[in-house]
Amino acid sequence: MVSINLLSVSGALLMWGSKMQTSFQMIIVGRTIMGVHNGCAIMVVSMYLAEVSPPNLRGALGTTQGVFLTTGILVSQILGLQQILALVKLQGAHINQDVYMQEMKTEHENELKEPKMSLLTLVKSRSLRPQLLICVVVWLGQQFCGSYAILYYSTSIFLSAGVPEEYSDYATIGVGGINVLTTVVFMMVVDKAGRRALLLWGVAIMVFSHAILTVTLGLTENLFCECGCQQGRWPTGVLDSAGACILPNATGDPNATMSAAAPFVNPYQWISYLSIVFAIVCIIAFAIGPGPIPFIITGELFRQGARPAAFMIGGSVNFVANGAVGLVFPILQARIGALTFLIFMAVCVLLCIFVAVKVPETSNKTFEDIQKLFGVQEDASGEAPNDISSDAYEGTTCL
């Protein structure tokens with residue numbers, strides 16, 4: 001973790017120096033280095049927290065990273081306000097620690113006994129294939145469930161829903177703030193409620209939210225005039241040389257303008273604010289389930305030898321999917337509009353089914369107990385012994 005921070009410092013220095021050197025190339029290189037740092041740091045910290053946390057606090061401590069991530073997103077949203085530029089002008093004593101320390105010592109001794117597993121070995125391992133599949137699917141689900149599309153493009157989503165521009169930025173900050181608060185609440189309940197239950201509830205609520213967003217955005221996204229008069233989009237309306245709406249009047253005269261017609265009353269204006277409500281509901285559902293749980297469960301599904309490779313695969317899948325969402329969502333939004341959220345809803349439905357059928361509960365269990373859920377006792381090669389079935393599962397179905 002210490003060496004990874006050197007990448008962060010070098011990337012920050014390059015971006016800082018780009019202004020003095022008036023070089024956009026330095027910004028590109030700096031952001032690339034920062035991206036490499038972020039990808040490595042997120043996975044290494046998640047793995048470290050999983051290894052040093054006692055079982056009954058592993059969920060809460062593992063979520064602290066999510067709290068700081070969502071806080072960072074909120075801070076970036078606040079710093080993105082135009083008004084921020086104006087600031088430039090201003091100058092247990094009751095806990096038996098020995099039990100937990102002994103568990104960490106045992107964990108460390110087991111780690112020294114196990115050989116490190118490479119990426120290729122992990123992918124080939126039949127005994128670890130169910131765990132790897134769960135890891136990959138929950139990371140893909142985190143990105144493709146649509147929450148990051150809302151976080152990244154919330155301002156444009158609210159504008160397309162008809163929210164006035166002066167309020168859309170504040171609505172975006174509100175979404176980020178609720179994301180942080182919900183993650184903090186998640187940290188306090190994750191070990192009691194369980195990973196699997198929170199993941200199921202979170203994804204199920206997102207299915208409902210995406211369905212409502214499809215309707216609300218679909219009713220409002222085309223009801224605002226292109227000329228900015230906000231009197232509603234008329235199907236046959238065009239603009240004259242002065243930029244006013246030319247609308248057919250009751251007599252069919254194509255030269256009649258908006259001023260000659262009765263003002264258009266948008267019957268769906270109130271629905272634009274309903275879009276904000278369900279965007280917030282979607283983010284809350286994300287923050288209690290598919291948002292933080294992949295960071296926790298990846299560290300719990302694997303023993304020490306396979307854990308680094310598992311986090312490398314999970315991190316790679318996560319950031320590739322994140323980039324795909326960031327690139328594809330604005331294209332889909334421009335092409336099919338509100339129907340984009342039907343795609344996210346379908347992903348959430350599939351993820352919900354997968355979690356219900358394939359993902360076991362790992363809350364308050366040691367790493368050894370979690371391995372027993374899969375009926376796997378790894379040997380040095382990472383393969384299950386011949387007399388133990390890798391299809392054995394406790395309370396769930398395994399691939």
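Just so it is clear, glycine is given a Cβ too, placed from its N, Cα and C backbone atoms.
Note: TrEMBL annotation is automatic and uncurated.
Sequence annotations record features per position, and here TrEMBL assigns domain 'Major facilitator superfamily (MFS) profile' to 1-363.
What TrEMBL records for 28-48 (among others) is transmembrane segment. Cβ atoms under 8 Å from those of the transmembrane segment (28-48) belong to residues 1, 4-5, 7-8, 10-15, 18, 62, 65, 69, 295-296, 298-299, 307-308, 311-312, 314-316, 319 of the same chain, restricted to positions at least 6 beyond its ends.
Look at TrEMBL and you will find 68-88 (among others) tagged as transmembrane segment.
Using a Cβ-Cβ cut-off under 8 Å and counting only residues 6 or more beyond its ends in the same chain, the transmembrane segment (132-150) has close neighbours at 122-123, 125, 157, 175, 199, 203, 206, 210, 279, 282-283, 286, 290-291, 293-294, 297-298, 301-302, 310, 313-314, 317-318, 321-322, 324-326, 329, 340-341, 343-345, 347-348, 351, 354-355, 358-359, 399. Feature annotation from TrEMBL assigns transmembrane segment to 132-150 (among others).
Remote same-chain residues near the transmembrane segment (170-190) are listed as 59-60, 63-64, 66-67, 70-71, 73-74, 77-78, 81, 150-151, 154-155, 158, 163, 198, 276, 279-280, 283-284, 286-288, 291-293, 296, 363 (criterion: CB distance under 8 Å, separation of at least six residues from the stretch ends). According to TrEMBL, the feature transmembrane segment maps to 170-190 (among others).
What TrEMBL records for 197-217 (among others) is transmembrane segment.
Remote same-chain residues near the transmembrane segment (270-297) are listed as 42, 46, 50, 58-59, 62-63, 65-66, 70, 134-135, 138-139, 141-142, 145-147, 150-151, 154, 157-158, 161-163, 171, 174-175, 178-179, 182-183, 185-187, 190, 195, 198-206, 209-210, 212-213, 216-217, 219-220, 314, 318, 351, 359, 362 (criterion: CB distance under 8 Å, separation of at least six residues from the stretch ends). The transmembrane segment feature in TrEMBL is assigned to 270-297 (among others).
The feature transmembrane segment is assigned by TrEMBL to 309-332 (among others). Same-chain neighbours of the transmembrane segment (309-332): 35, 39-40, 42-44, 46-47, 116-119, 121-123, 131-132, 135-136, 139-140, 142-144, 148-149, 152-153, 156, 294, 298-299, 301-302, 340, 343, counting only residues six or more beyond its ends whose CB sits under 8 Å from a CB of the stretch.
Summarising the annotation, TrEMBL assigns transmembrane segment to 338-357 (among others). Outside the transmembrane segment (338-357) by six or more residues, the chain places 137-138, 141, 144-146, 149, 196, 199-200, 203-204, 206-207, 210-211, 213-218, 221, 290, 329, 332, 396-397 with a CB less than 8 A from a CB of the stretch.
Within the same chain, residues 138, 141, 145-147, 157, 160-161, 186, 189-190, 271-272, 274-275, 278-279, 281-282, 284-291, 293, 337-339, 341-342, 344-345, 348-349, 351-352, 355-356, 359, 361 sit at least 6 positions outside the transmembrane segment (197-217) and bring their C-beta atoms closer than 8 Å to a C-beta of that stretch.
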